Ligand SMILES: Nc1ncnc2c1ncn2[C@@H]1O[C@H](COP(=O)(O)OP(=O)(O)OP(=O)(O)O)[C@@H](O)[C@H]1O
Ligand SMILES: Cc1cn([C@H]2C[C@H](O)[C@@H](COP(=O)(O)O)O2)c(=O)[nH]c1=O
């Protein structure tokens with residue numbers, strides 16, 4: 001099973017992913033950008049405010065192609081649960097936002113189209129939902145994407161992705177304390193993994209249990 005964590009910068013994905021890693025030592029934990037030289041190239045580009053948005057897209061996509069063939073597909077072929085901190089939806093949401101002012105028409109569809117020929121879509125995605133101002137403040141504006149106005153565009157792309165595939169996404173309110181968010185993510189992940197392995201249907205899992213509830 002491929003389970004991904006998505007959300008704005010500062011939404012708490014890495015905090016939740018680290019907690020899951022302790023709770024589920026049997027799973028394969030991975031992330032994008034990766035720690036390979038492809039990931040290093042991506043991080044260099046992230047640090048360049050003048051980088052061309054199409055160049056950014058193809059660097060991130062190269063990193064994803066390597067990640068797929070080297071980590072994700074082999075682990076899935078071994079029957080493992082793979083949990084990735086960011087994955088394809090990050091490209092659909094972020095690069096579609098950064099391509100919005102370019103010659104590319106319908107950027108979200110364009111970025112999805114590039115991936116369609118080769119990627120492996122997630123079986124389920126936990127979306128950590130936080131407003132762009134909180135996200136930017138938590139993230140500390142260390143790179144060009146960590147600004148509230150840009151993150152608002154990214155958020156609206158995530159909402160489009162969720163609207164298009166509501167059965168794949170589980171939304172968790174990430175505006176709460178770290179402890180509450182971790183509890184909710186652990187609870188949702190447990191139920192998604194159980195459902196995937198035959199104890200139900202992934203599409204029926206929502207954030208509506210005691211741990212995951214918004215209040
Ligand atoms: N629920 C929370 N409430 C307040 N602060 C939080 C919460 N979750 C995480 N943080 C803090 O916000 C910062 C970003 O958290 P984290 O790295 O987990 O987010 P992220 O979504 O992985 O961000 P990025 O995508 O930028 O790597 C960290 O300083 C972390 O301690
Ligand atoms: C995978 C991926 C990431 N990004 C952006 C999102 C963040 O601003 C940075 C780095 O991610 P991290 O979680 O802070 O390590 O990169 C992106 O724009 N497109 C992608 O595909």
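Using N, Cα and C of the backbone, Cβ positions are placed for all residues, glycine too.
As given in TrEMBL:
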DOMAIN    5-183  domain 'Thymidylate kinase-like'
BINDING   7, 8, 9, 10, 11, 12, 13, 14  ATP binding site
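Other than the site residues 7, 8, 9, 10, 11, 12, 13, 14, same-chain residues with C-beta atoms no more than 8 angstroms from the centre of those residues' C-beta atoms, the ATP site, are 128, 130, 135, 138, 139, 174. Within 10 Å of the Cβ of residue 10 (ATP binding site) there are 22 other Cβ atoms, across all protein chains. Cβ crowding, taken as the number of other Cβ atoms within 10 Å, peaks at 7 among the binding-site residues 7, 12. For the recorded site, residue 9 (ATP binding site), the DSSP three-state label reads coil. Within the same chain, the residues at least 6 positions away from residue 8 (ATP binding site) whose Cβ sits under 8 Å from its Cβ are 128, 130, 132, 135, 139, 151, 154, 155, 158, listed in sequence order. Less than 6 Å separates the Cβ from ligand 2 in the case of 9, drawn from the binding-site residues 7, 8, 9, 10, 12 in sequence order. Sequence-distant contacts (6 or more apart, same chain, Cβ under 8 Å) of residue 11 (ATP binding site) comprise 128, 129, 130, 135, 138, 174. Within 10 Å of the Cβ of residue 13 (ATP binding site) there are 25 other Cβ atoms, across all protein chains. The Cβ of residue 14 (ATP binding site) has 31, 85 as same-chain neighbours under 8 Å, each 6 or more residues away in sequence. Applying an 8 A CB threshold to same-chain residues 6+ apart, the list for residue 9 (ATP binding site) reads 135, 136, 138, 139, 145, 146, 151. Looking at the domain 'Thymidylate kinase-like' (5-183) alone, the prediction's average pLDDT is 97.
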